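Student: After the structure tokens below, expect a handful of questions from me.
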Amino acid sequence: MALIEFGTSQIFTRHLMEDLIAWWGSYQQGGPVGSLSSSRKMMTEREHLLGNAADFNGGPMDDPPQIMARPDLRSSPENTIVDTANETDSLVPKEDPTYGSSAEGYEPSMHRTLEHPTTNLDTMIHLLKGNIGTGILAMPDAFKNAGLYVGLFGTLLMGAICTHCMHMLVKCSHELCRRLQVPSLSFDEVCYRSFESGPVGLRRYSKLARNLINMFLVITQLGFCCVYFVFVAANLREVVAHYFFDLHTRIYLLLLLIPMVLLNLVRNLKYLTPVSLIAAVLTLAGLTCTFYYMLQDLPNTHTVKPYATWAQLPLYFGTAIYAFEGIGMVLPLENNMKTPEDFGGWSGVLNTGMVIVACLYTAVGFFGYLKYGEAVKGSITLNLPGDQLIAQLVRIMMALAIFFSYSLQFYVPMSIINPYIRRNLQTVQSRQIGEYLARVALVLFTFLLAAMVPNLGAVISLVGAVSSSTLALIFPPLIEIVTFWPNGLGRHYWVLWKDIAIMVFGILGFIFGTYTSIAQILNPDLN
């Protein structure tokens with residue numbers, strides 16, 4: 001006990017001397033004379049940082065200095081805000097009033113480990129192929145519902161808005177990657193993380209937002225599959241009817257069912273690469289021949305209407321947004337690039353590819369409607385002259401190209417549904433059987449929808465109005481608002497007003513486009 005008291009008194013005496021020295025130094029420098037407790041606090045803090053020889057260990061003065069590690073403020077539990085209202089506690093940097101700021105010095109693209117990164121040319125080809133499908137062949141029908149000049153300028157404007165929304169999504173992805181210090185995020189993860197780290201009142205809806213994204217992605221891709229079913233059946237019917245006999249479109253849908261099921265039982269995307277290459281070559285050849293027919297003997301522009309009625313514009317909107325809806329593949333393409341910094345920018349891969357896509361869509365729509373006028377059909381290939389062999393070959397080539405592209409569109413909903421199957425089934429064999437049954441069931445589902453609504457133009461417009469407008473025009477501006485709220489929305493909140501305008505445009509297109517498309521499906525003769 002005596003030894004303890006002696007040691008304690010010795011430490012107390014040393015601390016008292018340090019307090020007096022600190023007080024006298026403050027007095028000599030002309031500063032305010034602080035209290036002894038504050039002076040002692042300063043000395044204690046210095047001991048922590050410098051590692052005094054007698055640093056709280058009671059060690060002798062001759063021991064080597066023990067440097068204390070500085071705590072990591074980012075991982076400190078005291079530096080986080082826990083949202084008790086959310087189902088899962090959200091940890092957000094405390095120093096940021098905007099609910100999470102960018103981590104300085106972290107560049108997501110520098111931390112990506114890619115086994116086979118894509119070049120700029122590869123990304124450009126994938127971007128073009130992903131945006132050019134049945135939608136481009138339906139653009140003349142879209143111009144019929146808008147008028148020649150409204151369709152011309154409206155398509156270019158639609159392309160600019162959709163491209164801006166793609167940039168918006170990539171920008172939010174980069175911002176959230178820097179905050180979370182992760183290399184990449186998918187579309188649904190960007191939506192989930194933006195809500196999770198956004199305003200406190202919205203964090204509880206983060207899972208709902210992610211589920212909505214996945215739901216609309218599944219609806220969009222299955223809608224594409226329905227359109228593909230109808231497109232292939234309609235073009236095969238035209239060819240067979242010209243040379244042999246005419247059967248109803250539903251008969252061809254039934255004949256296509258078994259080959260479509262077998263093709264979509266292929267689970268590995270690697271084995272679909274040759275099929276995708278064949279589809280790309282057939283599509284390029286078919287479009288070239290289609291332009292050859294469209295540009296021959298063009299009539300005067302006065303032979304078609306310059307603008308359509310207000311009642312027809314929603315059908316144009318649905319078809320146009322269906323054609324431009326490629327936002328679901330923007331992040332996968334950017335995440336897998338060798339030089340992702342070349343994806344954005346004024347002359348980047350995204351702008352270059354979308355300018356080409358917009359010009360192709362506008363050219364096909366403008367010249368296709370000018371050539372065939374009000375007689376234009378849901379797919380321009382159905383308007384090609386039936387008495388020429390090249391025209392029939394174009395129909396067959398495009399039908400085969402779309403048939404082979406079905407499995408690529410089908411891959412997306414299966415990649416979203418698969419985790420639910422694996423979560424509810426335990427053994428490997430049961431999971432494989434469950435996946436195969438799900439594949440067969442989804443193909444049957446798209447077949448039944450296609451058989452119920454063989455009106456190709458109305459189906460395309462409905463899919464575009466319901467799901468494409470939601471993914472391309474509503475969610476990206478909403479994600480940007482939530483991600484950068486409240487201090488990152490520009491001076492006078494101009495970014496907020498811009499995003500609200502795009503969302504209102506998308507919501508109006510969703511409502512009126514869906515209503516008009518369903519009305520035309522129920523009554524095909526409705527003008």
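Here the Cβ of each residue, glycine as well, is placed from N, Cα and C on the backbone.
Keep in mind that TrEMBL annotations are predicted by a computer and have not been checked by a curator.
So TrEMBL lists these for the protein:
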DOMAIN    116-518  domain 'Amino acid transporter transmembrane'
TRANSMEM  146-170  transmembrane segment
TRANSMEM  212-234  transmembrane segment
TRANSMEM  240-263  transmembrane segment
TRANSMEM  275-295  transmembrane segment
TRANSMEM  315-333  transmembrane segment
TRANSMEM  345-369  transmembrane segment
TRANSMEM  389-412  transmembrane segment
TRANSMEM  433-453  transmembrane segment
TRANSMEM  459-479  transmembrane segment
TRANSMEM  500-522  transmembrane segment
Student: Is it true that the transmembrane segment (240-263) and the transmembrane segment (459-479) have 3 or more Cβ pairs under 8 Å, skipping pairs fewer than 6 apart in sequence?
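Tutor: Between the transmembrane segment (240-263) and the transmembrane segment (459-479), contact is absent.
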Student: Should the transmembrane segment (212-234) and the transmembrane segment (500-522) be scored as in contact, given a threshold of at least 3 Cβ pairs under 8 Å and pairs 6 or more apart?
Tutor: no
Student: Is the transmembrane segment (345-369) in contact with the transmembrane segment (275-295), using at least 3 Cβ pairs under 8 Å (sequence separation of 6 or more) as the test?
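Tutor: Output yes: the transmembrane segment (275-295) sits against the transmembrane segment (345-369).
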Student: With contact taken as 3 or more Cβ pairs under 8 angstroms (pairs 6 or more apart in sequence), are the transmembrane segment (500-522) and the transmembrane segment (389-412) in contact?
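Tutor: They do not touch: fewer than three Cβ pairs between the two stretches lie under 8 Å.
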Student: For the transmembrane segment (459-479), name the stretch out of 146-170, 315-333, 345-369, 389-412 with the most CB-CB pairs under 8 Å.
Tutor: 315-333
